[in-house]
Amino acid sequence: MLSGLRKTVAATFMKECPLQYNYFPCGLAKGNRTMSLVQVSSNKCSGGYQKVFEHDSTELKCKMKVAVYLPPKAENEKCPVFYWLSGLTCTEQNFITKAGSQQAASEHGIIIVAPDTSPRGCNIEGEDESWDFGTGAGFYVNATQEPWKTNYCMYTYVTEELPRLINTNFPADPEKMSISGHSMGGHGALICALKNPGKYKAVSAFAPICNPIQCAWGQKAFSGYLGEDKKTWEAYDATVLAASYSGPQLDILIDQGRDDQFLSASQLLPDNLIAACSEKKIPVVFRLQPGYDHSYFFIYSFITDHIKHHAKFLNA
């Protein structure tokens, strides 16, 4: 009876207390333990662990949740990291519960990190009024306009703060990172890779917003976060960035559903990005998938291909 009670108390303690008390499955690098992460959940999955953590973000000045999948390989050695950026209205939960990425990540020995899509609970007037601006719609930019600029710095959060957090607290190989995403997150993945030549070993996207300065979603977000000077918008537009890219070779994989309602509504504009990449001789594999829409059913259908694409470069 007492033994069972002790186990229950211990399990509750491990779940609710900071990461210091529930570190790597194998106890790697114990000297690097930190109080900065609190474990929210942990589930055995595909031989590894799907976990969710919460931390205080210095860039976003709020609490953020981030999902981390640790493959079995992480019990014994460092692993490459695949960063996933989700789309409009999503949280860290959508990808880990709908995409089915864990099995392929387990097989290839890849850690998957999926953050939330925006700051939350910042008490900014208007942050919850629209589904495509504010909460759940950070657009992976660093805002320069009031009242957003204090908290909405998702670009720096994704490219700097989050990798530091992951590299400090998990058995991650800091030299082997890649990035992917869907819709708004596909836009985020592309700009992160194009703005940081050599930082990411691979990049891919599902139905990305390829040319935001030319579509309604991007124009609404950029005018709100960055102001009315459209020249400043170009720093966060994948098509513009591809046209001036001069870094090491970047092999891009893009899947796009042919029956995607946002493709026909001219929100995604992949042809513009493909043309810019062709001009700069940036290799792009663009696959137009018949019958598929913009949903997670589409992502689930091709996520294994994307993880294989990343593994080819991450495990080289």
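Including glycine, each Cβ sits where the backbone N, Cα and C put it.
Listed in TrEMBL:
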ACT_SITE  Ser183  active site, charge relay system
ACT_SITE  Asp260  active site, charge relay system
ACT_SITE  His294  active site, charge relay system
Item to check | Cβ neighbour count within 10 Å of Asp260 (active site, charge relay system) | outcome: 21
Next on the checklist: So if I draw a 10 Å sphere around the Cβ of Ser183 (active site, charge relay system), how many other Cβ atoms end up inside it?
Outcome noted: 25
Checklist entry - What is the total of other Cβ atoms whose distance to the Cβ of His294 (active site, charge relay system) is within 10 Å? => result 21
Next on the checklist: Measuring Cα to Cα, how many Å separate Ser183 (active site, charge relay system) from His294 (active site, charge relay system)?
Outcome noted: 8
Item to check | Inter-residue C-alpha distance, His294 (active site, charge relay system) and Asp260 (active site, charge relay system) (nearest angstrom) | outcome: 5
